[in-house]
Ligand code: T5A
């Protein structure tokens, strides 16, 4: 049997890293034991280098990163990951839990940066074709809570330094997509971690019954 690709999306500090372990634990309870984790951008040697270029201000402090450059680096990292890691894993029956995927580019570069969705769609079709997650869990928090949580971690990275307006646009895009795409399920990430874990268990259990 082929593996499945489950993606966790949401604003910074929504709890994606924490939730990926909850998802894995639920899968194991349901008999899925071959699981790997990925993060985007990243999870291959080249994609991790691109991640540093995208996130770290010190790398490019004297040069403005053009929005298209950022988008193209993200798709370069994504296709490296899909072809070298995700597809081979799915083929050998391993399930993949992804911390972010294509929806992040639509939300951050499309809605946040203002690059046309039509352009992103055409780029996506050309680069990754019809490859798409089996399930996306969108962890919903307000931009204010997101900023409060990430500020606790210390210095912000290049994208985290964006304005509240930027993150409001990103969140609104996620919320619109939840309404239009039945493969995206929303989880309230402002509640306690215990309550979130309960919700994740329930949503995954219901989804697994349909597979
Ligand atoms: N990006 C990425 C794009 O712009 N376009 C793209 O196409 C892609 C793929 C990635 C950056 O790249 C951008 C988006 C990002 O800016 P990243 O460091 O991977 O950079 O950023 P995130 O993916 O957002 O990861 P974070 O670590 O910031 O957020 P998480 O993983 O959602 O949050 P987590 O689990 O580490 O938790 C953060 C803190 O919040 C607390 C945790 O204890 C932790 O301290 N927390 C809670 N506190 C209270 N209640 C809860 N329910 C909590 N859940 C977590």
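Just so it is clear, glycine is given a Cβ too, placed from its N, Cα and C backbone atoms.
Note: TrEMBL annotation is automatic and uncurated.
Now, the feature entries from TrEMBL:
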type	residues	note
DOMAIN	8-198	domain 'Thymidylate kinase-like'
BINDING	10, 11, 12, 13, 14, 15, 16, 17	ATP binding site
**Message:** Need the DSSP three-state call for residue 10 (ATP binding site) to compare against my parser.
**Reply:** strand
**Asked** Once near-sequence residues are set aside, which residues in the chain of residue 16 (ATP binding site), 6 or more away, have Cβ atoms under 8 Å from its Cβ?
**Response** 8, 9, 10, 99, 100, 139
**Prompt:** Roughly where does the domain 'Thymidylate kinase-like' (8-198) sit in mean pLDDT, to the nearest integer?
**Reply:** 95
**Asked** Around the ATP site recorded as 10, 11, 12, 13, 14, 15, 16, 17, what other same-chain residues have a C-beta within 8 angstroms of the site's C-beta center?
**Response** 139, 141, 146, 149, 189
**Prompt:** Do you know which of the binding-site residues 10, 13, 15 has the most other C-beta atoms within 10 angstroms of its C-beta?
**Reply:** 10
**Item:** Which same-chain residues, if any, lie at least 6 apart from residue 14 (ATP binding site) yet have Cβ under 8 Å of it
**Value:** 139, 140, 141, 146, 189
**Prompt:** So for residue 17 (ATP binding site), how many other CB atoms are inside 10 Å of its CB?
**Reply:** 12
**Asked** If you count Cβ atoms within 10 Å of the Cβ of residue 11 (ATP binding site), leaving out that atom itself, what do you get?
**Response** 27
